[in-house]
C-alpha cells in the first residue's frame, strides 16, 4: 500500500524538473566546522596520495600488470572522492539545506555506483593477476600482456557502468513521497530508496541484484583465487619463497577486506534496518577514510610502489636543482 502523502507515479513526483533536498549535517550545528576541517585535510591528503601513486606509475616506462591495475585503482579513487566529498564539505559549512535536481541526483548516484562497481571488479582482476603470478608463473608473462590488461580494465569499467545504469533507472522510476528530503549529504541508494512510497519488498530487488553482481560474485571469485594461492603455497618448501609470495598478496587482501566489508555493511540489508543518522556518519567515513587508507596500505606494504615514489621524488629534486 502506498504511504500517506505520496504522489502518483505518473505525476510530478518523478518528473525530471523536481528537486530533492539534501539535509546534509543540519543537525550537527556545533561540530560542523570541526568536521569540515578534519575531512578537508583528509580529502586533500587522499588526493595527494592517490595522485602521487598515479604519477609514479605513469612515469615508469616499464610497469608490471599489478602496477598497471594499481594505477587504475588510484584513478578510480580520485574520481570517487571528487564525486562525493566536495558536496559533503559544502554541506558541513552551509547554513541551510542544499537542493539537487532529479537528474543531478540520478547522475551522482550513477557515477558513485559505477566507480564503486568498477573498483569491485578491478579487485577481481588484481586477484587473478596474483593467482597467475603464484600458481602459474610460467604462463604469467604470456597471459598478462598489456592488451589483456587493457581489456580487463575496460570490462571492469563497462560492467560497473551497465550495472549502475540499471540500478539507477530502477530507483528513479519509483514514486517518491512529497517531502523529498534526503537525510544524507549525497544521493546514496539506501537514502533515496527510503523516500519511496511503496512498502513492497520489490523495490529492494534492483539493489539486491546489483549487490550480487558487484559484491557477492566478485568476492567469491577473489576467495577462490586466494584458496588456490593458499593451496599452491602449502606445497612450497622454502619459507623464504612462501613469505615472499605471501607478502605480494597482503596489500591487495587488506584493501579487498576493507572495501567489501564497508560495502556489505552499507548495502546488503533490508530497508527496515535503515538508520539515516547512523548511515550518514558511516558514509562520511566510508567516502573519506577508506580512499585515504588505500595509498597508505600500498605504500607501506609494496616495495615496488615505495621504489617508484622514491624515484619520482629524486627526479623532482634533481629537476629543482637544475
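Cβ coordinates are placed from backbone N, Cα and C, and glycine is handled just like the others.
As annotated by TrEMBL, transmembrane segment applies to 20-46, 66-90, 102-128, 148-172, 207-234, 246-269, 281-300. The annotation domain 'G-protein coupled receptors family 1 profile' is assigned in TrEMBL to 49-298.
Distant neighbours of the transmembrane segment (281-300): 35, 39, 42-43, 45-46, 49-50, 52-53, 70, 73-74, 77, 80-81, 84-85, 88, 184-186, 188, 251, 254-255, 258-259, 262, 265-266, 306, 309; these residues of the same chain sit at least 6 beyond its ends, with a Cβ under 8 Å from one of its Cβ atoms. A Cβ distance under 8 Å defines the sequence-distant neighbours of the transmembrane segment (102-128), meaning residues of its chain 6+ beyond its ends; these are 14-20, 66, 69-70, 72-73, 76-77, 79-80, 83-84, 87, 152-153, 155-157, 159-161, 163-165, 167-168, 171-172, 182, 186-189, 192, 210, 214-215, 218, 221-222, 225-226, 252, 255-256, 259-260, 263.
Per-residue pLDDT, averaged along the domain 'G-protein coupled receptors family 1 profile' (49-298), amounts to 85 for this model.
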